[in-house]
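Lifted from Swiss-Prot, the feature list:
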type    : residues                    : note
BINDING : CYS55, CYS60, CYS66, SER292 : [4Fe-4S] cluster 1 binding site
BINDING : CYS81, CYS85, CYS88         : [4Fe-4S] cluster 2 binding site
DOMAIN  : 67-281                      : domain 'Radical SAM core'
Amino acid sequence: MTVAPEGRKLLRLEVRNADTPIERKPPWIRVRARMGPEYTELKSLVRREGLHTVCEEAGCPNIFECWEDREATFLIGGDQCTRRCDFCQIDTGKPAELDRDEPRRVADSVRTMGLRYATVTGVARDDLPDGGAWLYAETVRAIKELNPSTGVELLIPDFNGRPDRLAEVFGSRPEVLAHNVETVPRIFKRIRPAFTYRRSLDVLTAAREAGLVTKSNLILGLGETPDEVRTALADLRGAGCDIITITQYLRPSARHHPVERWVKPEEFVEFARHAEELGFSGVLAGPLVRSSYRAGRLYRQAARARA
């Protein structure tokens, strides 16, 4: 393998990753498809209307439960990211020109799907003068204008920590402002070379100071130790993070970081208990948990804790 699917030459890191075959999943990494009436109706509607969600396109294992709750996730900014994280399946490259009509289309999709809660995430757009801040903020504004009763969670990149860009995004007032730290300090640069651990914590602190409910995610199985996970949880809580999800890394392809360890379900239970003891108001941890899983429920839980 010398060329990535998007046509670019593989990075040396990707070539090295590809030397390790794709790992066999343990027996507890299994999904049961429970297709309830809300899920069935939503799937039919999405097909009929030609709508696009991260839930389907990324093959999320939790789609059955989330759609049954009328929750879905949308990806904005295109399908090419200006940064590369070693766990992420989104392609790295030169993004297409900014699509200024995208916020309206996402808002229309939210209305057509009758969503109670929508998560919006996107690619990093370091090619744009504002890093994509307007696009993220405008998508929230468009959803809220067209769907005033729908909760919105916004999962953002770090916008290089620029206060003006963060202020633009925070001003759109999503119900939850999420920024995922993803891993622990020791291996952070190896996994997320275009981000910094400290800056990610600072983004969460700034969002909390702006009066927003804050959320982050940790991916396990990238080479961290249990003690490092506990330290990262304490760092996140200290930074003002309200909600935490803890997940198992599943390798998207051979060119991505190998799975270092399959974390057992009982370990996730222990990490969740530790997070609750630290004072997080919303906690979900498990092998198949993803950062937008049960997002609406976690928000309501955190909002009640604040009241």
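Positions of Cβ are set from backbone N, Cα and C atoms, glycine also.
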Can you count the other CB atoms that lie within 10 A of the CB of CYS60 ([4Fe-4S] cluster 1 binding site)? 21
So if I draw a 10 Å sphere around the Cβ of CYS66 ([4Fe-4S] cluster 1 binding site), how many other Cβ atoms end up inside it? 25
In whole Å, how far is CYS81 ([4Fe-4S] cluster 2 binding site) from SER292 ([4Fe-4S] cluster 1 binding site) when you measure between their Cα atoms? 20
Where does the mean pLDDT land for the domain 'Radical SAM core' (67-281)? 96
Cβ neighbour count (within 10 Å, all chains shown) around CYS55 ([4Fe-4S] cluster 1 binding site): 23
Cα separation, CYS88 ([4Fe-4S] cluster 2 binding site) to CYS60 ([4Fe-4S] cluster 1 binding site) (Å, whole number): 13
Reading the DSSP string in three states, the entry for CYS66 ([4Fe-4S] cluster 1 binding site) is helix
Out of CYS81, CYS85, CYS88, which of the binding-site residues has the smallest number of neighbouring Cβ atoms within 10 Å? CYS88
Coarse DSSP state, helix versus strand versus coil, of CYS55 ([4Fe-4S] cluster 1 binding site): helix
